[in-house]
């Protein structure tokens with residue numbers, strides 16, 4: 001059987017890995033729109049979390065299998081359509097993730113100074129489409145809307161001492177911009193309360209221990225929570241206890257303050273506030289703050305809903321980052337898409353109403369969870385493909401020649417795919433550039449330059 005996987009992030013690679021491992025004869029081709037693989041492992045994971053990128057060694061093993069091929073620089077839906085892939089392969093798995101952001105849907109969200117978390121993360125991680133973002137970091141206060149791990153990542157990058165970031169694979173240009181940043185205070189704002197935050201204890205602890213940055217948590221936000229969290233699941237309990245402990249600790253008066261040095265950087269969590277409007281500066285040219293509705297909670301635990309109380313509050317800030325979630329987009333008119341939920345309608349990864357078409361990862365279940373969640377989800381989809389291969393559900397006609405057919409389509413459209421060994425040349429060039437700067441790698445952020453490196 002010839003199977004093709006669209007997207008080379010964790011969902012695509014884990015799907016391919018499971019198929020190759022559990023079917024001794026399957027041939028798997030992975031298509032990727034960029035010349036470089038690994039999706040959010042490369043472009044989403046924070047530069048100061050290199051251990052999370054260790055999964056790449058597993059993906060590399062999969063890509064080097066003689067039954068697997070990687071074709072980068074191919075945009076499915078434009079360079080080759082999904083129906084064309086379906087004619088070339090016995091099964092097609094869509095694992096292309098979430099390449100857009102949820103919008104706030106409030107006035108002023110398009111003002112200069114307002115950015116999506118996705119674009120900001122893409123900027124400091126070298127995602128080609130965000131390389132020219134040039135975020136304005138000339139203000140002292142930044143406001144991040146959202147209480148997830150991505151929100152904490154951004155806060156940490158904004159407040160990290162430069163010497164910590166210099167040792168990472170953060171891009172050169174974003175490092176230069178952060179070196180000139182005036183941001184010294186970051187507020188993370190959420191609609192619900194401390195018991196509903198979505199970040200995990202590891203990320204919170206890292207933020208609390210960040211050198212040169214002080215946590216500002218209001219003890220009033222945590223009154224009575226010890227009792228409320230007594231019977232909560234252990235991760236939630238430990239997370240809440242850490243927030244309570246941090247809120248109640250008296251800040252250590254920094255000796256430096258006595259010597260007249262500037263106050264350290266600070267960050268804090270604000271709860272039960274829902275953004276209503278991004279407020280424009282007097283000349284209307286940029287953001288100067290956010291007006292927020294104060295909320296009360298109805299219900300408890302993860303199901304609690306935030307209801308506006310009628311009271312509002314304004315928070316001054318020159319930088320607004322919206323971290324309320326990524327969003328998948330439809331890929332091809334031939335593929336059913338639920339635009340309400342931002343997913344491809346499916347059951348166990350089988351696309352509804354289209355035999356032989358599957359999906360895995362965020363486009364299957366929505367943009368939630370960590371790499372391990374995506375791994376299990378992708379194994380589940382791959383299992384559905386294997387069951388359908390064994391159960392005779394799929395048209396196994398020998399005329400489906402896989403990449404042979406796709407190659408002639410791509411050639412006729414002037415598209416030259418990038419192979420995995422091409423990627424390894426780009427990889428080596430990045431590592432060499434990084435070594436010169438004392439970093440693990442210096443990412444090439446321009447696709448044209450990537451293709452130049454491999455003589456395309």
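Quick reminder: no glycine exception, Cβ is built from N, Cα and C everywhere.
In TrEMBL this protein carries:
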type	residues	note
BINDING	11, 32, 40, 76, 362, 369, 370, 371	FAD binding site
BINDING	147, 148, 149, 150, 191, 192, 203, 369	NADP(+) binding site
DOMAIN	2-158	domain 'FAD/NAD(P)-binding'
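Here the features listed in TrEMBL are painted onto the structure.
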residue : record               : Cβ within 10 Å
11      : FAD binding site     : 31
32      : FAD binding site     : 26
76      : FAD binding site     : 24
148     : NADP(+) binding site : 20
149     : NADP(+) binding site : 19
150     : NADP(+) binding site : 24
191     : NADP(+) binding site : 23
192     : NADP(+) binding site : 19
203     : NADP(+) binding site : 20
362     : FAD binding site     : 29
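Residue 369 (FAD binding site): 14 other CB atoms within 10 A of its CB, across all protein chains.
Taking 147, 148, 191, 203 as the binding-site residues under consideration, the smallest Cα distance to residue 369 (FAD binding site) is found for 148. Long-range Cβ neighbours of residue 40 (FAD binding site) (same chain, at least 6 residues apart, Cβ-Cβ under 8 Å): 9, 10, 97. The average pLDDT for the domain 'FAD/NAD(P)-binding' (2-158) in the predicted structure is 97. Listed binding-site residues near residue 192 (NADP(+) binding site): none (candidates 11, 76, 362, 371; Cα-Cα distance within 10 Å).
Sparsest Cβ environment among the binding-site residues 370, 371 (other Cβ atoms counted within 10 Å): 370. Residue 370 (FAD binding site) sits 11 Å from residue 148 (NADP(+) binding site), taking the Cα positions as reference. Within 10 Å of the Cβ of residue 147 (NADP(+) binding site) there are 23 other Cβ atoms, across all protein chains.
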